[in-house]
Amino acid sequence: MTTIRQRRVGKGTEAAEDQPSEETNVKPDGKIPPGSPGGKLWNILSITVGGIVAISLGLLTSVYVATLHENDLWFSNIKEVEREISFRTECGLYYSYYKQMIQAASIEQGLHGLVYDNKTESVRTINILERMNVYQEVFLSILYRILPIQQYLEPVYFYIYTLFGLQAVYVIALYVTSWLLSGTWLSGLLAACWYITNRVDTTRVEFTIPLRENWALPFFAVQIAAITYLLRTHLQPAQERLTLMAVFIATFLFSLTWQFNQFMMLIQALALFILDCLDMLPTAKVTWLYIIQISGLLLVCVLQFFNSMILGSLLISFNVSVLIARTIQKNLKKGGLLNRLGKLTLHVLLVLCLTLLINKFIKKILNLESDEHIFKFLKAKFGFGATRDFDANLYLCEEAFGLLPLNTFSRLSSTLLFYVYGFVLFLLTVAAVIVAFRNLSGSNQVQLKEKTEEYTVTLRPDAAYSLVHTVLFGCLALSTMRMKYLWTSHMCVFASFGLCSAEVWKLILKCLHLYTSQRTQVIKYSIPIITLLYISFKFWPGIMDELSELREFYDPDTVELMNWIKSNTPSTAVFAGSMQLLAGVKLCTGRTLTNHPHYEDKNLRERTKQIYQIYAKRSPGDVHGILRSFGTDYVILEDSICYERRHSRGCRLRDLLDVANGHIMDGLGENEPDLKPSVYPRFCEEIKKNLPSYTMHFTRVFQNKTFHVYKLAKHK
């Protein structure tokens, strides 16, 4: 937190522990607890009211998103198959394991079916608990089986209500974080209101319910709230131990529920590293946070049967490298400005080299290639050379992995969120630069002279962490749209904290020569209240209209396909097709798949590329041989992919396959000079002509306006 105070005589303490005198033993409402019983009573009353408001807002958010989901699909009225189809792409795959556990004869048999699964990938037996983060589905299914609720609540409702309930946890965690930073629960109220009114950019839970991030982000928000409290000064040892335990539990649950946890926590570790290097956080607490990250991830690794992707994560390599480098360079935080800068440069280089060496060594020992597609994607995305790699281009061509659209900022600005955020970000960045320069130069104070008074700029550790956290996750969101939800939710916290902070307004007013204690208190409460009133009057009618708008799920072609599969194919039949559709096939019909959307496995990626030759220019014999090598009995062709128009030329799936196969793309436009015309027509188009060369391998058994299903001949 940025503050201005009168200069004190004598040598100051280290910046990481520096705190304005009025902040000592601050309670959540920002008041110094007076000795009088009336003061204590007011403090208890404030905390009670703030807590009630937090819980109420959390529950209201849960009801809000649940109502939107019901109104959008008429979920309570549609058939079971339609409900399951509404869990699109990978969401359906994850939910299928919950359904599988519910339908198993016993919990033991359900777990055995997950550990020895031969339905998710044909001709292979895989361990679902090792490959995917589905412990939450396992836990929920067991809970549903043992609780006496089967007669009152369908399994699907138990599942979705749990996810909507986690939204309450999410909002409460954001509320508490803002409260802790600013010292007033009014800040938490503003953060929660901004989260709700910017729902389009802060969450997508109402239409992607089982997505891993919807499980994980509430725990990540709880972890950030716990870290914010941990970084407060003057904590008692018992308080610190309990807070560290809370950080560990939240970190563990976050890691357990999302496969991309390691990348998010790597950014968090970078924030801690930067602040520790600049003496803006207590080193002992930073060390504990590094250890908690490592131990939480290793515990998840054990639960996931020693998943090699976790062991080979950059996070573990980075944290271990930092701890080793710190041991080697013991006098890192001593000396003048140039001396410190030289030491820091060597320290950063040492950490970087150690991280790469340790990570490369681990991957070499484990023969790990599960995450190579991510680094190929990042290399191509940031301009380190073009690539023809099919997997990397599959990500590059998806809008969700592109740059953050500019219209995002116009939506965020309409609620005043982005304007306030930018203002607070600028102010605290300037303060952070001043504090960092002071710390590195060895000076205890940077003086701002105003007539006869002298003041010093300081930045509390919790505010410093929040600043760097929001900057780093902002960079991530700007580069990859899908990750904006990690940034926008914290944006609500950061903006509300700045708007409701007495110290921020104190700094502003003193710079404008307008400071008085009474004026600061008036502005601290009046500006947030005016903002809340503006948001309420502007967006309340829109929210009411949104809640009154009724729609209905409608996808008759997919429903017809799923019903046909269940009625006309053996339960042991193996289906090939697009990853997204096959996830629904597994959920709705229980049939065996050749491939699926959980892409964090090299063998599966290679298999998917081979299966997708059904949309490439290949001979019918080649395609038949490829499909039969994976035990395929039926293949589903989708017109929406074969004749795709959603993407531009070069990003259509058929274009990616043509380039990967060395063939010229369809349509007008340039081609790379080494690409050649294919001697075969496009398989998905030509097969519909029922030519003898195709009918000897494939027999059409089902078709509608969207899908064509072919049965494969079983040649000897």
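Cβ coordinates are placed from backbone N, Cα and C, and glycine is handled just like the others.
Annotated features, as they stand in TrEMBL:
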type: COMPBIAS; residues: 1-10; note: compositional bias 'Basic residues'
type: REGION; residues: 1-34; note: region 'Disordered'
type: TRANSMEM; residues: 41-66; note: transmembrane segment
type: TRANSMEM; residues: 179-197; note: transmembrane segment
type: TRANSMEM; residues: 217-235; note: transmembrane segment
type: TRANSMEM; residues: 242-260; note: transmembrane segment
type: TRANSMEM; residues: 266-284; note: transmembrane segment
type: TRANSMEM; residues: 296-324; note: transmembrane segment
type: TRANSMEM; residues: 344-362; note: transmembrane segment
type: TRANSMEM; residues: 416-437; note: transmembrane segment
type: TRANSMEM; residues: 463-481; note: transmembrane segment
type: TRANSMEM; residues: 493-516; note: transmembrane segment
type: TRANSMEM; residues: 522-541; note: transmembrane segment
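Same-chain residues lying 6 or more positions outside the transmembrane segment (463-481) and placing a CB less than 8 Å from one of its CB atoms are 1-2, 177, 181, 224, 227-228, 231, 267-268, 270-272, 274-275, 280-281, 381-382, 399-405, 425, 428-429, 432, 435, 487-488, 490-491, 493-494, 497. In terms of C-beta pairs under 8 Å, the stretch of 41-66, 179-197, 266-284, 493-516, 522-541 lying closest in packing to the transmembrane segment (217-235) is 179-197. Most Cβ pairs within less than 8 Å of the transmembrane segment (296-324), among stretches 266-284, 344-362, 416-437, 493-516, 522-541, belong to 344-362. Residues 132-133, 135-136, 212-213, 215-216, 219-220, 222-223, 226-227, 229-230, 235, 288-289, 292-293, 295-297, 299-300, 303, 309, 598, 600 of the same chain sit 6 or more residues outside the transmembrane segment (242-260) yet have a Cβ under 8 Å from a Cβ within it. At the 8 Å Cβ threshold, with sequence separation of at least 6, the transmembrane segment (522-541) comes into contact with the transmembrane segment (179-197) through 3 or more pairs. Residues of the same chain lying 6 or more positions beyond the ends of the transmembrane segment (179-197) and with a Cβ under 8 Å from any Cβ of it are 1, 26, 28-31, 46, 49-50, 53-54, 57-58, 61, 64, 171, 203, 225, 228-229, 232, 415, 417, 462-463, 466, 489, 492-493, 495-502, 524-525, 528-529, 531-532, 535-536, 539, 543.
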